Amino acid sequence: LTKMQPSGRHYVVVRPLFSEDSFAEQHERINRTRKTLRHHLKDYFTCDTNRAKNAARSLLPIIGWIKNYNIKEWLLGDIVSGISTGLVAVLQGLAFSLLASLPPGYGLYTAFFPAIIYFFLGTSRHLSVGAFPILSLMVGAVVTRLVPDGGPPANITGFEGLSMEQQRVLVASSVTFVMGAFQLIMGMLQVGFIVMYLSETLVSGFTTAAAVHILVSQLRFVLGLDFPGVNGPLAIVYTLENVFSDITNTNVADLVTSIVIMALVLIVKEINDRFKSKLPVPIPIEVIVTVIACGVSYAFNFEKRFNVVVVGEMVDGYESPIAPNLEVIKESAVEAFPMAIVGFAVAFSVAKVYSVKHDYTIDGNQELLAFGVSNMFGASFRSFAASTALSRTAIQESTGGKTQIAGVLSAMMVLIVIVAVGFLLEPLPRSVLGALVIVNLKGMLMQFRELPFLWKNDRTDFVTWVVTFVASLFLGLDLGLAVGLGAELFTVVCRTQFPRCSLLANITGTDIYRDRKDYNSIYEPEGVKIFKIPSPIFFANIDFFRDKLVGFSPLKVLKKRNKALRKIRKMLRNGELEISDVQDNNSMEGLDQPIDFSGIPIQVNWNTELPANISVPPVNIHSLVLDFSAVSFLDISALKGLKATLKEFLRIEVDVYIVSCDVYIMEKLHQCSFFDDEIKTSIFYPTLHDAMLHILEKHPDHGELEKVFTVICKLSRL
């Protein structure tokens, strides 16, 4: 009879004491038929009308939201958002082109082509697709490696007859194409979950290092210095060395212009943040200072009077498509893969924030497909790697954008600049673009503030952050990401291989068990140890658990006892020992096989005084309880190790009980022949309290607190 009776803030449960065996007898389990891999494959490749419709909606998410588009409520917001975002996209496209070591105009292609494709394939309604500073810097590393500023380009077929600018554009578009191909393949293989392996801590350390890289790379534009770009490990050190060795040649006009613009932009951005609830639209300070800088530069002829480097000739319309260069793909494939991961991870993280805020869903695999196709298509028209910029997406959402209609209108603004008014930006000093890039790094650089919090609350995450940051800073972003991921996985392995184990005790008067070190009012029956295993058990940590269990090795005790038995038997044969005529209860001499003592009438109490020159370590427990409530899986190596350990304890007369074991782990134990004549299913109990009541019934504890258990034990028999 099972009965639950609520009583105010108390509850009373009356039920039988269950082991797993008795529970299975009284409560029959439904045997469900699970699908095999063959069934899953059959279902995956079976097509019908509904699946075809769902596949179409999945591959073209625009079908789902465009039919529900609310023109009256959403169109005006999308128009305002599209115009505002488009102006920023133009400036960021020009600025981030410098990071990619390309002429500024090609950043406009990146702000146009990928955004058009994402409009049809993307699942986020607020993401502003285009150039992203970290990706631009990673593209720039490949570009300057294959086509350096000072020195001959790499020996690549297809470079013949091309200017340095054209060679760099070919390299950027080729590496972008292979990056998009990686994203497309991952999307087709349904591995969107891969972003889960990039923790927030790792991404924070990586993006902070990237921000420092970007800051240092823009110093030559802000200071008006002329030295070749550097790539590869320690590139940041060599770049700083070039800056300081050439700092006496600083162009004062560039420096003053940059300082004024950075100060103005920072002040107005702070105003936008403080009064965002009162401002209908954030003040477009980047657009304002760019227009002013263009006008002043043109009016006072900065290029000739002050030797200022300006944007120069802009792209005029669109150029014919180009095919990616296979040799460049071979040279850059290793660097393109981390670019694909970073681009998707950043975009997916930002998209997830706004999808939660506005209550709609995004699909990670479809996002991979969308960005893969967007980058491959854009690369064919000379754009470079596209993802999203946090600031640009924030503008698209905060100015009233509801759908990707705003993204298309933003692309149309870029189109107007490309085909009509781009020439107006030609007098713009490049130092202005460098200043705008640096100002937009504020958010990423401020991530340094996370370090004290991580140090205080999670040293492991702190180590991951620092390792990722340092590796990315000095080894380059691609190698740094790999090192950071390795450090992160190493910390995960350490946490599962060396988890925080604990001995539990009963909280007096309850059926609750907690770490014995954390409470004063506890009950620990004599001779009972309750060991909590707080992680999966697998090949790497089974030995750790065996060493941690009770502080001694049952195998060593077993060997000592068997050695003592041999001595006792020898003393009996020599007449050196007199014993009472009682039956022998010790059945083990070897480690694996029981020994037949039918002819030796002895009974040994191993915890009492033994004959002279016989020493056996005492065992002060009679029951060991293993709490498996946090064990999510058990591999074959761990299963064999666990079985050997249980046998060792049983052979030194210590009863072992396993509680709260997952049903599917139990199934695996049955399938793998875990149970035999020594290890029986009767040692498994559904709850820790059931096992403790059984132990107290078998080994009565006459302490004062045992009265509580006696009452509970009586109730359980009702």
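Positions of Cβ are set from backbone N, Cα and C atoms, glycine also.
What TrEMBL says about this one:
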type	residues	note
TRANSMEM	75-100	transmembrane segment
TRANSMEM	106-122	transmembrane segment
TRANSMEM	129-148	transmembrane segment
TRANSMEM	168-189	transmembrane segment
TRANSMEM	201-223	transmembrane segment
TRANSMEM	243-267	transmembrane segment
TRANSMEM	279-300	transmembrane segment
TRANSMEM	336-356	transmembrane segment
TRANSMEM	368-385	transmembrane segment
TRANSMEM	405-425	transmembrane segment
TRANSMEM	432-450	transmembrane segment
TRANSMEM	462-490	transmembrane segment
DOMAIN	518-695	domain 'STAS'
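Distant neighbours of the transmembrane segment (279-300): 80, 84, 87-88, 91, 257, 261, 264-265, 268-269, 271-272, 308, 310, 395, 398-399, 424-425, 427-429, 432, 436; these residues of the same chain sit at least 6 beyond its ends, with a Cβ under 8 Å from one of its Cβ atoms.
Within the same chain, the transmembrane segment (432-450) stays apart from the transmembrane segment (106-122): fewer than three Cβ pairs sit under 8 Å, each pair at least 6 residues apart.
Contact check: the transmembrane segment (201-223) against the transmembrane segment (106-122) gives fewer than three Cβ pairs closer than 8 Å, residues 6 or more apart, which falls short of the contact criterion. Of the two recorded stretches, the transmembrane segment (75-100) lies close to the transmembrane segment (129-148), with three or more CB pairs under 8 Å once pairs fewer than 6 apart in sequence are set aside. Proximity of distant same-chain residues to the transmembrane segment (405-425), defined by a Cβ-Cβ separation under 8 Å and at least 6 residues beyond the stretch ends, is recorded for 69, 74-75, 77-79, 81-83, 85-87, 89-90, 93-94, 104-105, 108-109, 111-112, 115-116, 118-119, 127-129, 290, 294, 311, 314-318, 396. Cβ atoms under 8 Å from those of the transmembrane segment (106-122) belong to residues 59-62, 89-90, 92-97, 100, 128-131, 169, 172, 315, 318, 366-367, 369-371, 373-375, 377-378, 381-386, 404, 407-408, 410-411, 414-415, 417-418, 422 of the same chain, restricted to positions at least 6 beyond its ends. When Cβ distances are compared across the two stretches, the transmembrane segment (336-356) makes no contact with the transmembrane segment (243-267), since fewer than 3 pairs at least 6 residues apart fall below 8 angstroms.
When the stretches 129-148, 168-189, 243-267, 462-490 are ranked by Cβ pairs under 8 Å to the transmembrane segment (368-385), first place goes to 168-189. Outside the transmembrane segment (243-267), and at least 6 residues removed from its termini, the chain residues within Cβ reach (under 8 Å) are 216, 219-227, 285-286, 289, 293, 302, 306-309, 429, 431-432, 434-436, 438-439, 442. On the 0 to 100 pLDDT scale, the model's mean across the domain 'STAS' (518-695) is 80.
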